[in-house]
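**Q** Pasting the feature list from Swiss-Prot:
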type	residues	note
BINDING	Arg112, Ser113, Ala114, Asn427, Asn539, His540, Tyr573, Phe595	S-adenosyl-L-methionine binding site
BINDING	Cys296, Cys299, Cys318, Cys322	Zn(2+) 1 binding site
BINDING	Cys309, Cys312, His331, Cys335	Zn(2+) 2 binding site
DOMAIN	233-574	domain 'SET'
ZN_FING	296-335	zinc finger
Amino acid sequence: MDLPVDEWKSYLLQKWASLPTSVQVTISTAETLRDIFLHSSSLLQPEDELFLKRLSKGYLVGKDSDAPLFYREEGNKKFQEKDYTGAAVLYSKGVSHSRPNTEDMSLCHANRSAALFHLGQYETCLKDINRAQTHGYPERLQPKIMLRKAECLVALGRLQEASQTISDLERNFTATPALADVLPQTLQRNLHRLKMKMQEKDSLTESFPAALAKTLEDAALREENEQLSNASSSIGLCVDPLKGRCLVATKDILPGELLVQEDAFVSVLNPGELPPPHHGLDSKWDTRVTNGDLYCHRCLKHTLATVPCDGCSYAKYCSQECLQQAWELYHRTECPLGGLLLTLGVFCHIALRLTLLVGFEDVRKIITKLCDKISNKDICLPESNNQVKTLNYGLGESEKNGNIVETPIPGCDINGKYENNYNAVFNLLPHTENHSPEHKFLCALCVSALCRQLEAASLQAIPTERIVNSSQLKAAVTPELCPDVTIWGVAMLRHMLQLQCNAQAMTTIQHTGPKGSIVTDSRQVRLATGIFPVISLLNHSCSPNTSVSFISTVATIRASQRIRKGQEILHCYGPHKSRMGVAERQQKLRSQYFFDCACPACQTEAHRMAAGPRWEAFCCNSCGAPMQGDDVLRCGSRSCAESAVSRDHLVSRLQDLQQQVRVAQKLLRDGELERAVQRLSGCQRDAESFLWAEHAVVGEIADGLARACAALGDWQKSATHLQRSLYVVEVRHGPSSVEMGHELFKLAQIFFNGFAVPEALSTIQKAEEVLSLHCGPWDDEIQELQKMKSCLLDLPPTPVGPAL
């Protein structure tokens, strides 16, 4: 996903392996990115480009005139099953393949409006109705869509507009008698019912307003940092001789305090975990749902009513405004390259979009200016010697009175301020000397192939009369003879190498569960990849003192615990002490980020010499004490006479148990609740015989039982099971962790639906306290908790005890 697809990656690595040793040495010992790029790109042959082109065609990103009917029919099947979300997504796929001002476009929009109406998304439904009519919705079908429009307006409390719509509908009947003949009796009855409903209603509460702007305003940084853009005044930028740039607390910081709120300088939506579709006749069009179908490709807002690009079927947006902005900033160039960019991977895509956002001319200027002042090696490897020194871009000479003019910290401007701009992005470390030669070769050839496609597209856009002679044509199409292409290629190669250590995974919480389930499960999914210059300054800890959350393309860093003045602000790069053991964390950090972690969590665990983390521990079958040892495990209780058992035997039992849990979870997803409970109860009994009480699988089983019992309406049993899961989560992740917040949210849902008012209010308060440390007030779960609390507080007092 980040790197190219496996076929292209394997192809390039084989090409590297087949190169003469002298060529490999030349690339391996090249001192600058420019040399790496030029040496590598000279090896890209026409047959390589043809192979890449064939791979790119595996992604069906163009518009297919036969696809709208297919997706409309598939959407209709989902609609009949009352899966309105699934139907809306399939109708959106039909929209993305439709041409403007066609019946296909209008019918897909109209059908999607019906799905949105059943989902209660009335404002969005109205927009789709207007789109359907704009694109030429057939006259014979107008009554149905106009009635739906009136129903939306009534639901939104816009009664005057609803009345006008009904009047227009009735007037059309009078003016066009043929319409009355095709108007079904059910539609006439619905029209009568709607008119009666309007008479009964004086007004309706307005739909939930766009409170997002207000919550963002409420959560804004109270006091801007003069040295760091988008950062609180509670933190400062420093340089450590060993760590390089870092952020430290300039005053005592309380848990939950907002430290950084930064919009991504550039971001690209991850296409999803699914492979490209096969080319069989039965799978020409893909009905699978990915992030690209659910989120705006520019602002990352979740939407079921996507607005597609007019030129391709891949890029989709939440509004016409986002579509227009994306087109003007970068998509006009990316649009014809969609399949190629998906083949080359997200990192290559970001590298291109970054240069497009900045502008090729500005990229050329900054690199040329650097070339004029310092050596190529310093440009390409700014981390090579002195991490503190950097060029002062605002001065016209590199030396003054024999002294090097420098700003104190790389990435800062002439006034010493570090901002969210291209200067800061350019100064993020590419770690060129740490990447393997074959990886640099792979990245360079990806960028080179992309540059050649950009050249070809640019040449097609140049009128032939503008090309005076053959030398101009040669300069336009040959990268080696075109200095601009070399500059662009070097810039994109630098950014591609930077991304391994500086890319930020932009995540969201997705709720899953059986259809119609009141209590849902949640999981964190990677939605996009972005560059955040300020957040990139944070160093790693396996037990960080901050938490990150996202809304749209904005990342928010909050203190997850009390931070003393002078203490470093630390972020987790992924390997967290509650998710993996110290050996695995060290290996991942070393391979991706090129450092050996020496955080307190790693040092503490390294000295313990434990067999493994508690969430992977086994217990004694006789006394329940934890088992100890490596290959052979023995009971940790001295008074227990239980014989030793091999770890392999217990691991095998665990694997069998996990398979049974997966079967039960599928039963739960399919709605076979009683069978799921029976299967999970058996799994629970088996787990208790050999797994430690804090084992992750014990919590997983309890969570599944809680969801099954909730779906059956047995709220008391559901709460009991979830509290057991809650214990496992608390021991593993901590009482103030975001994972604990999600579990408390689920428990609050169960108490709320079981009418256990005191328990619900108490749990809601705990959940809000924990989640507020990690998320802003706009968080979906926090808003839902507030609605539940408001509802419970409005209930009349009752002497009856809790329902649970």
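Cβ coordinates are placed from backbone N, Cα and C, and glycine is handled just like the others.
Could you give the neighbours, burial and distances for every feature on this list?
**A** According to its DSSP assignment, Arg112 (S-adenosyl-L-methionine binding site) is helical.
Long-range Cβ neighbours of Cys318 (Zn(2+) 1 binding site) (same chain, at least 6 residues apart, Cβ-Cβ under 8 Å): Cys296, Arg298, Cys299, Lys301, Thr303, Ala305, Thr306, Val307. DSSP assigns Cys318 (Zn(2+) 1 binding site) to coil, not to a helix or a strand.
Residues near His331 (Zn(2+) 2 binding site) in space but far in sequence (CB under 8 A, at least 6 apart, same chain), listed by position: Cys309, Ala315.
Residues 59-64, 67, 85, 88-89, 92-93, 95-100, 112, 115-116, 119, 121, 124, 127-128, 267, 269, 341-342, 349, 352-353, 356-357, 454, 457, 506, 508, 527-528, 550, 552-553 of the same chain sit 6 or more residues outside the zinc finger (296-335) yet have a Cβ under 8 Å from a Cβ within it.
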**Q** Mind checking which of Ala114, Cys296, Cys335 has the fewest other CB atoms within 10 A of its CB? They're the binding-site residues.
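**A** Counting other Cβ atoms within 10 Å of each of the binding-site residues Ala114, Cys296, Cys335, the minimum falls on Cys335.
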**Q** Which site among Tyr573, Phe595 has the most other CB atoms no more than 10 Å from its CB, taking these as binding-site residues?
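**A** Within the set of binding-site residues, the most crowded position is Tyr573.
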**Q** Would you mind reading off the Cα separation of Cys335 (Zn(2+) 2 binding site) from Arg112 (S-adenosyl-L-methionine binding site), to the nearest angstrom?
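**A** If we compare the Cα positions of Cys335 (Zn(2+) 2 binding site) and Arg112 (S-adenosyl-L-methionine binding site), the gap is 25 Å.
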**Q** Which one of these binding-site residues has the most other Cβ atoms within 10 Å of its own Cβ: Cys299, Cys309, Cys312, Cys322?
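**A** Its Cβ has the most other Cβ atoms within 10 Å: Cys309.
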**Q** DSSP three-state call for His331 (Zn(2+) 2 binding site): helix, strand or coil?
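**A** Looking at the DSSP assignment, His331 (Zn(2+) 2 binding site) belongs to a helix.
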**Q** To which of the binding-site residues Arg112, His540 does the lowest count of other Cβ atoms within 10 Å belong?
**A** His540
**Q** What does the structure give for the C-alpha distance between Cys322 (Zn(2+) 1 binding site) and Cys312 (Zn(2+) 2 binding site)? Integer Å is fine.
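**A** Computed Cα spacing between Cys322 (Zn(2+) 1 binding site) and Cys312 (Zn(2+) 2 binding site) is 15 Å.
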